[in-house]
Amino acid sequence: MILIIDNYDSFSYNLVQSVGEINSDLIVLRSDEIDVSKLQNLNIKHIIISPGPGHPDEYTICKQVVKFFAPYTPILGICLGHQIIATCYNASIKKSSPVFHGRASKIYCLKDKLFLGIHAPFTAARYHSLVVDQDKRGLDLTTCLKTIAITREGVIMACKHRYYHFTYGIQFHPESMLTIQGTKLLKNFLSLSYG
């Protein structure tokens, strides 16, 4: 089963529809309705943390989900979800300059299972006012996170956990029409498994 955590974003419906077209075995829970201990009783194979408003530090339950499930369940954070994953592992967040609302950017990515079969650079939709701060560390965001995709200007568009190899964050929206290969990326993520 796929768990989609809905952070009250207007794009959540599009995300649920896109994922449901790939695999209809999914459950959608609002972030303020989640109890990590109850989630353990579900047969969760993948977790997707949706976009949403606000700052990632306001979503403590999502951080609890990431910390509990990341060692054995593939997790994909989208936009706010990406920032939640980054802050779970000590990356910092800063204001985006400029703010992006429905703009497409070229994304330059490293070779990774998440981007398998996706021709780089690819075009993706951006809707955000915050970004993960690169903090002059190159590809090493923190001791356990690395950058795997950026814009031409060097803004982080995707990160991945070094040890929990299927924990990813992406700043862009794969469910948007502006993201040319978004469905392929979601299929790639949903094909990942720890065993």
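Cβ coordinates come from backbone N, Cα and C, glycine included.
Around the Cβ of C79 (active site, nucleophile), the same chain contributes D9, F11, S50, P51, G52, Y127, H128, I170, Q171, F172, H173, each under 8 angstroms and 6 or more positions distant in sequence. Summarising the annotation, Swiss-Prot assigns active site, nucleophile to C79.
What Swiss-Prot lists as active site is H173 (among others), and the listing cites sequence analysis.
Taken from Swiss-Prot, the feature active site covers E175 (among others). On its own chain, E175 (active site) has F11, N14, L15, Q17, S18, V19, I78, G182, L186 as residues at least 6 apart in sequence with a Cβ closer than 8 Å to its own Cβ.
There are 14 other Cβ atoms within 10 Å of the Cβ belonging to S129 (L-glutamine binding site). Summarising the annotation, Swiss-Prot assigns L-glutamine binding site to G52, P53, G54, Q83, S129, L130 and lists similarity to another entry as the type of evidence.
Swiss-Prot lists 1-195 with the feature domain 'Glutamine amidotransferase type-1'. In the predicted model, the domain 'Glutamine amidotransferase type-1' (1-195) shows an average pLDDT of 92.
The sparsest Cβ neighbourhood within 10 Å, among the listed binding-site residues (G52, P53), is found at P53.
The Cβ of H173 (active site) has 25 other Cβ atoms within 10 Å, all protein chains considered.
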